[in-house]
Every structure is written in C-alpha cells, then in structure tokens.
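Engineer: As annotated by Swiss-Prot, GTP binding site applies to 11-17, 39-41, Arg302, 328-330, 412-414, with the evidence given as sequence analysis. Residues or ranges marked as IMP binding site in Swiss-Prot: Asp12, Glu13, Gly14, Lys15, Asn37, Ala38, Gly39, His40, Thr129, Arg143, Asn221, Thr236, Arg300. Positions annotated as Mg(2+) binding site by Swiss-Prot, on the basis of sequence analysis: Asp12, Gly39. The active site, proton acceptor annotation in Swiss-Prot covers Asp12 and is backed by sequence analysis. Annotated active site, proton donor per Swiss-Prot: His40, in sequence order, evidence recorded as sequence analysis. Sequence annotations record features per position, and here Swiss-Prot assigns substrate binding site to Val296, Ser297, Thr298, Gly299, Arg300, Lys301, Arg302 based on sequence analysis.
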Amino acid sequence: MATIILGSQWGDEGKGKLTDILCPKAQICARAAGGHNAGHSIVANGVEYDFHLLPSGLVNPNCMNLIGSSVVFHVPSFFSELSKLEEKGLTDVHNRILVSDRCHVDFDLHAAVDGLEEVELGDRKIGTTGRGIGPSYSTKMARSGVRIHEIFNEEIFERKLRQLANGYKKRFGDLLKYDVEEEIARFKEYRVKLAPYTVDAVQYMKQAQDRGYKILIEGANALMLDIDYGTYPYVTSSNTGLGGIITGLSINPTKIDNIIGVVKAYTTRVGGGPFKTEDLEEAGTKLQDIGREWGVSTGRKRRCGWLDLVVLKYSTAINNYTALNLTKLDILDTFETIKVAVAYKDPQTGEEVEYFPADLGILDSLEVVYKELPGWNKPITDCKTYYDLPKEARAYVEFIEEFVGVPICYIGTGPKREDMIVRKASAIKE
C-alpha cells in the first residue's frame, strides 16, 4: 500500500524530512518525475545528506529505491550522487537503487540548450535551474528523446543523440558549445555501469503492489510548479501532483492509502513568476534569514512571504490531500503578528475571489485579503506534543486546518529529524 508525499506550494516545503521519518516503515521508496533539479537535505545520525536525483530512502538500509518512468535521468549526476552518499558512510547504496528503463535521458546537451533558451527569453526568463530539465521534457514530448533502454543499443543511441545535437545546432549555431562525440564516448562507459540498475519498472511496481509492500513515494518540486496546474509558464516541465505520481510509477490508484501535502508555515519561491504574498520589506527579509532560505540545488536565495491559503486550497482541490504536514512553524517564533492570505480581491469591484485563476494577468490585478493572527513570541523547538505548543501556535495550526478542511497530522518545529510533532495520527493509515 502506498503513501505519497507531495509539495503543496512552490517547492522547498520540507518534504525530505517527512520522507526520512516515514521511510523506516517502507519497503520501497520511489520518485516518479522531475530530474536532478529537485533538491533537499536530510540529517540522519548527525550527518547531512543532499538528494537531487536519488530517492532519499537510500538513508534507510532496509529500503529499496526506484527512479520512476517520468523522471528525466542525468546519468553523470546519478553516479556522482551515489558516490557522495558512500563517502558520507551510507553502505550498500548501489544494491538498493533501480532505474526505470522507460526514463528519458537528460543529456549535457539539454543543459547547454537550457541556458541558451533562458538567454532568448531575456526579461521573460523562467529562472530555471539550468540543468536541462525543460529541454529534456521537450524532446520527450516531440518524440525525439532517448530512453534508458536505448542506451544499450549503441547504433540507435548514437544516431538519435547526433540527430538531437544537429537539430539544436541548426537552431543556435555557434552559440551552442557542445561536442556530441565527447558525450557519445562518455556513454560507452556509462552503458556498462548503468546496466545493473536498469529495470522494467511497470513489472517491478505491479509485483510490489500485488505482494502488499509498503511503498513511500516522494514527489519532486510542488503543485504550483506543475506544468498544467502551476503558474504557467513559470513552472517546471513535468506533472508534479498526484496525477504525475500515478503516471510516473504506474501505481494503482485504489492502493493509495495516504496523500500527504507538505506546506511551509509561510511561503517561499525560487526564480521568476507570480507570488501574491511575497513580502519585499522587513518581514520577507526576516523570514529569509531565520529560515535559511536558499536552495540546495542552486544556492539561490528564495523569495519569501506569508502563507497563502488560496494557494493551499487550490492545491488541495487538485491533489486531494488526506493529511497535511505543516513545516518550519518555529521560523515564526519571533513575529508579533502573522499574516495569512484568505482570499484575493478585485480592486475595481471590491469582490472577493476565493479561487486561484489560470490567467496571470487576472492574478496580477487582484489584491490580497489578509487575516492577522497573534504570534506566540517564544521558541517552540523543544515542544514534543501538540499541547506543549503555545495556544497562539495551536490557533494558527487550527485556523489553517479549518480553512482547508484537511487534518494537520505533522508539525515541524525545528531543523532536526526529531523536531516533528505527530498529531491526529488516526488520520494516517499504517
């Protein structure tokens, strides 16, 4: 039976920590989509591990890990990340990771094109990680991409990669700094190294579900970066919500037990795009500093602002969360008052809008309606149970819960693994 962990905002909500906490009960930990643009850190036994492409279930020595079919797979990063985990003391990682043979390959060519496309866009650039994710999904959808299983057919692999490179060379000319023959030569070695990890993920997941294995699925990025439901075009190139999980892992929807939405107690975003509750004044800077808001993948500072419950309600409508994990509540410890967005308002008519519009022009024209809640002005990291929290912190939790209509079962109160209050545990199916 499956538990799915999904980001409910624009990413960086703290999904990795919950994955780490739930992973000891899982037999398989899987990723469905995205690429090595995702990033999160996990602290286990006093050691910090960074994950980008690999599932964080590798921290659990008793857990198998799977990279699903909708992931765009950067082969050098795969081996580099495994080596770094070994250097930090994780053992047997090579025997606990499998890769779907249906994954598309994210080449260095795609990263080169990613940078050039951002330059083309100028002031309208997306703010990508520059790791080739968008171009990889573009070639996938254009049916010109290379899948993992094709790496093992040398003739097909080389022909398709040269065709890709030639197509981009025609578009960008000498601006494209890329040697296709060098990449082909590198893959002669990767072809041999990658073979033991490659699996038919459809059969693998079918057998696991038939046997009743406990499967933990960690979403990458977040709903508001979804190619269909996010703030398009300021999104990633994959389906980051529940639909992408089902497609990317061929998971049986009837065997999903829990869909846990992870939501930060405030809001952050990396890169360009709309962010209605962004605070460019003192509060935003304070959130950024106290929350250490800069990216694991890029090192870029995150834009910061107040919690947007319009976004969370929209995200919930799409992903159908059965429970929420509210993270980084402790970052709000020193705020006298805390603002929460409860609606948007048309400044022309004064009419309140409780939905999240698709049209970014309409979104930009709307004002935010805030509700102010009292802060608690005391540290909460040492709180171990829900009723250890100050009443103002509990009121904040309960306001969110009632507004969205989903139980908040996990509350993050600090950076460590043990800084997590479990509440309403009966809402989580074991």
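From the backbone N, Cα and C atoms, a Cβ is placed for every residue, glycine too.
I'm curious about the neighbourhood of these features; can you describe it?
Structural biologist: For Asp12 (IMP binding site), the same-chain residues 6+ apart in sequence whose C-beta sits under 8 angstroms from its C-beta are His40, Ala222, Lys264, Thr268, Val270, Glu293, Gly295, Arg302.
Asp12 (IMP binding site) falls outside any helix or strand according to DSSP and counts as coil.
In the three-state DSSP classification, Gly39 (IMP binding site) falls within coil.
Note on His40 (active site, proton donor): other Cβ atoms within 10 Å of its Cβ, all shown chains, come to 24.
Other C-beta atoms found within 10 angstroms of the C-beta of Gly299 (substrate binding site) number 8, with every protein chain shown included.
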Engineer: Tell me, if you would, which residue among Ser41, Asn221, Thr413 (binding-site residues) has the fewest other CB atoms within 10 Å in the structure shown?
Structural biologist: Ser41
Engineer: CA-CA, which of the binding-site residues Gly14, Gly299, Thr413 lies nearest Asn37 (IMP binding site)?
Structural biologist: Gly299
Engineer: Among the binding-site residues Asn37, Thr129, which residue has the fewest other Cβ atoms within 10 Å of its own Cβ?
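Structural biologist: Each of the binding-site residues Asn37, Thr129 was scored; lowest Cβ tally within 10 Å is Thr129.
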Engineer: Neighbour count, 10 Å Cβ-Cβ cut-off, for Lys17 (GTP binding site): what number do you get?
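Structural biologist: Here the count is 26.
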